[in-house]
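Noted in Swiss-Prot for the protein shown:
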- 20-194: domain 'Exonuclease' (DOMAIN)
- 23: Mg(2+) 1 binding site (BINDING)
- 23, 25, 181, 186: Mg(2+) 2 binding site (BINDING)
- 29: site 'Important for substrate binding and specificity' (SITE)
- 77: site 'Important for substrate binding and specificity' (SITE)
- 124: site 'Important for substrate binding and specificity' (SITE)
- 146: site 'Important for substrate binding and specificity' (SITE)
- 181: active site, proton donor/acceptor (ACT_SITE)
């Protein structure tokens, strides 16, 4: 098990939280009534020098839950056809069960206490994950019920940008707008962005925190 006093360990960096980057594509803005259509998750790791890096990736197309609203404007925006059999969609239960299982393993392997969602405008993604988990009656939800790390807010502070594409470009991360609004692509880019923000703070001397002995 990782040593939480090791500031170069993932468990020592975020107060025992295990950060997992999430992006969802949906059929609207209401997590209670509108369909979850796609979800991707990227776990993170810390190397021996304490630099944050993307780790494993999970990605699922999701079947709309029974009675879900499908807002035409949202479908036109993300380009998803929920009726297309080639999507290979799975149920909310199966998608989240697989993600939660992988996240719980990561928490254990990294010596962390609980997972926390990292996302761009994180309240949106968090609300859909929580609503889908409740509908699927998944009791062992590893994510914090309300705390998140929001890369939109962090990017506004560090880069002066809040739009994902602009924040990535400002951070020197390529962003292909033609692939935007794919949960997989957006999650991968958000993971790179979050790692860059955390690592940049370390390079600038913001982490580890100064101690009385080092002053």
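Including glycine, each Cβ sits where the backbone N, Cα and C put it.
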(message) Are there recorded sites among 29, 124, 146 that sit within 10 Å of residue 181 (Mg(2+) 2 binding site), Cα to Cα? If so, list them; otherwise say none.
(response) none
(message) Of 29, 77, 124, 146, 186, which is closest to the residue listed as 'Mg(2+) 1 binding site' if I measure between C-alpha atoms? They're all recorded positions.
(response) 186
(message) Give me the CA-CA distance between residue 25 (Mg(2+) 2 binding site) and residue 77 (site 'Important for substrate binding and specificity'), in Å, as a whole number.
(response) 10
(message) For the binding-site residues listed here (23, 25, 186), tell me which residue's CB has the most neighbouring CB atoms inside 10 Å.
(response) 23
(message) With an 8 Å cut-off on Cβ distance to the 23, 25, 181, 186 Cβ center, who else from the chain surrounds the Mg(2+) 2 site?
(response) 24, 38, 40, 78, 180, 182, 183, 184, 185, 187
(message) For a quick check of understanding: among the recorded sites 29, 77, 124, which residue's Cβ has the most other Cβ atoms within 10 Å?
(response) 124
(message) Sequence gap of 6 or more, Cβ distance under 8 Å: name the residues on the same chain that satisfy this around residue 146 (site 'Important for substrate binding and specificity'), in order along the sequence.
(response) 126
(request) Work through the recorded positions one by one (29, 77, 186) and name whichever has its CA nearest to the CA of residue 124 (site 'Important for substrate binding and specificity'). (result) 29
(request) Between the Cα atoms of residue 77 (site 'Important for substrate binding and specificity') and residue 29 (site 'Important for substrate binding and specificity'), find the distance and write it as a whole number of Å. (result) 12
(message) Averaged over the domain 'Exonuclease' (20-194), what pLDDT does the predicted model reach?
(response) 98
